[in-house]
Amino acid sequence: GKEGYPADSKGCKVTCFFTGVGYCDTECKLKKASSGYCAWPACYCYGLPDSASVWDSATNKC
């Protein structure tokens, strides 16, 4: 798998600015990642499937 900042439907990072502990781990697992954490201020996932969309600075429109 791959790792990175999971992208939402707009291609933006998933914020964890105001979220509780464990939020990013849950969000990442919903995207079939093995785990995740809050790399403040955005979620970062490990073990994402290759098909998962991740934030890319080259295509960032956020």
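Keep in mind that glycine also has a Cβ here, set from the backbone N, Cα and C atoms.
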Let me make sure I read this right: Swiss-Prot says Cys45 forms a disulphide bond with another cysteine. Which one, out of Cys28, Cys38, Cys62? Cys28
Taking Cys16 as one end of a disulfide recorded in Swiss-Prot, give the other end from among Cys38, Cys62. Cys38
Among the disulfide-bonded residues Cys12, Cys38, point out the residue whose Cβ has the most other Cβ atoms within 10 Å, with all shown protein chains included in the count. Cys38
Please report the number of other Cβ atoms within 10 Å of the Cβ of Cys28 (disulfide bond). 24
Work through the disulfide-bonded residues one by one (Cys16, Cys24, Cys43, Cys45, Cys62) and point out the residue whose CB has the fewest other CB atoms within 10 angstroms. Cys62
Separation of alpha carbons, Cys43 (disulfide bond) and Cys62 (disulfide bond) (Å): 15
